[in-house]
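Look at TrEMBL and you will find 92-230 tagged as domain 'Fido'. Summarising the annotation, TrEMBL assigns active site to His174. Residues or ranges marked as ATP binding site in TrEMBL: Asp178, Gly179, Asn180, Gly181, Arg182, Val183, Gly184, Arg185. Positions annotated as region 'Disordered' by TrEMBL: 283-302.
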Amino acid sequence: MAERIRLSEWLHRERDGHVSGGLFETTQVMFAFNSNHMEGSTLSVEQTSDLYTTGSVSPQDGGGTVRLDDAIETRNHFHAFNWMLDRVDQPVDDAMVCRMHAILKRGTSQEQNPDNNVGAYKGRPNVIGGLLQEHTVLPPDVPAAMREVVLAHRELEDNPFSIAFAHWLFETTHPFFDGNGRVGRLLLFKELLRIDAMPVVIQDRNRGLYVRGLREFARTPGYLIDTLLAERDVYRGIVETLVPGRTAYTYRDVWDGVVPRKVENPYLKREWDERDISDAVVEGSTDDPMMWDSGPGRASRR
């Protein structure tokens, strides 16, 4: 029997060997399509696959147009994944997170506006979905909040609570003007690869469960934990279908219900005063993972 190798190493080998239709290509297309579509991209999975394999994209049958930013950001997601894969074992820090953001937004219309701080933390307060009730960490507090985020990811273990908490902490910090969902999901994938645990790709069709989990994590951690476990199940199935028994990873797929720490983002203010808001508050963009109605459903695992 062939010796199992690290999942990150397998992805490296397929990429560098230009393997067509394998795990690396499947992951690239699946991840880019779902993460971008979750944030409003109009590209179909077929168009995403075409963009990956040919570098071009055409309108779908029936006409219509392709939004330039959708194509650019999908292409950028491929580049960001490659960049991340080359740095799997490097410790996460502010520079790494900001670089991911810069790669994702390179060449987009948003990059042309200096107020957007592409590749750097936000300079203006933002709210999620245009609702002041959905606060994010204020710009002066982002560096301190990100120290907590970085620590949570560096200390990550293959523990369902630890994984969900680290991701929730990033998304509630909301360090960028836009792109927080995509950066956060790339960061989580990287860190799970680093500790040789089964990664997670959140599917757009389960966006409602994901949003509900983020919204309610502080009160009911099980919603987000269940959703991430269910999505890890899906990705594990893909891995074992395409490269059965060839990769080494851990996967703790049951949560014992223990909440080992207080669930809070200490830099997230419940109320903003006029000095916080002033006239500089900008509405959350389409990349705010918590801006949608979550719907009535939930993941099945408790």
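Every residue gets a Cβ built from N, Cα and C, even glycine.
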Around the Cβ of Arg182 (ATP binding site), the count of other Cβ atoms that are within 10 Å: 26
Within the predicted model, mean pLDDT of the domain 'Fido' (92-230): 94
Whole-number Å value for how far the residue listed as 'active site' lies from Gly184 (ATP binding site) (Cα to Cα): 9
Assigned conformation of Gly184 (ATP binding site) - DSSP reduced to three states: helix
For Gly179 (ATP binding site), the three-state class that DSSP assigns: coil
The residue listed as 'active site' versus Asn180 (ATP binding site) - Cα distance in angstrom: 6
